[in-house]
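First comes the structure, then the notes that go with it.
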Amino acid sequence: MTTYATDSQGKFIPSTQRPDGTWRKPRRVRDGYVPQEEVPLYESKGKLFAQKPLLPPGMSPEMAQKSREKREREQRIKQQREADANRRPPQNPVPGLLILNGDSKINQPQQRAAKSAKPKKKAVELPDVLLEQKQKEEQKQVRQQQQQQKSQKDHKNTKPHHQERIEEVAKAMNGLQLTNNHVASASAADALQTDLSKKLRKLRKKIREIEIIEERLRSTDGGPRPDKDQIDKAKRKPEILKEIEELEKGIAK
């Protein structure tokens with residue numbers, strides 16, 4: 001355990017001598033610092049519970065042993081009384097008549113009468129119940145057959161009407177499909193005309209740019225000369241004029 005000394009500035013660890021004879025410097029201790037070896041070890045709840053005494057405070061092991069033996073003895077006596085009560089012979093049906101535990105001949109007629117009485121009651125009630133269930137099932141089957149026959153007749157009567165409705169719907173769908181095809185073809189033609197017009201405008205714009213380049217080539221006022229890309233663009237003038245002519249024919253159609 002670390003020993004501390006105290007001065008006017010607080011606690012500190014005094015200097016100690018090493019095994020080689022040299023001395024360590026004294027070290028100042030911060031307030032509230034606890035060395036690692038003095039930190040209490042963590043113990044789980046199970047370990048703490050196991051360390052607690054099993055007996056109540058002030059109770060000796062001998063007293064606990066006597067109390068446990070007394071409780072076990074009382075429990076055995078209680079079980080013995082219950083077993084004796086279960087083995088107790090039945091009450092005498094006739095006053096003055098003694099019935100022993102091993103003699104069961106006297107009780108046999110009564111037991112046979114009780115056993116035979118119960119099945120007779122069931123034999124009387126069971127057929128009636130089965131008969132009622134069978135009648136209910138037959139009535140249910142008859143009702144189901146009648147409902148099936150009625151539904152089949154209704155289906156036969158309504159079949160022509162449904163057929164007419166189906167044919168009307170099919171005709172309407174065919175007419176709608178033709179209308180949609182016509183609208184689609186018209187919209188496609190309009191889109192094609194729009195694309196041709198846009199392309200024609202772009203080509204005409206290129207022709208105007210080429211004409212400007214040609215004017216710069218013909219001019220002698222000493223202005224800036226066209227570069228190589230502009231000259232190559234001017235050489236494509238015949239091709240562009242041919243494309244414009246073809247597009248104009250396509251738009252005219």
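Glycine residues also receive a Cβ, built from the backbone N, Cα and C atoms like all the rest.
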Listed range which Swiss-Prot flags as coiled coil, given the options 90-122, 189-221: 189-221
Counts of helix, strand and coil residues, the compositional bias 'Basic and acidic residues' (65-87), according to DSSP: 22 helix, 0 strand, 1 coil
Residues of the region 'Disordered' (218-237) by DSSP state, where helix covers H, G and I: 10 helix, 0 strand, 10 coil
PLDDT averaged over the residues of the coiled coil (189-221): 85
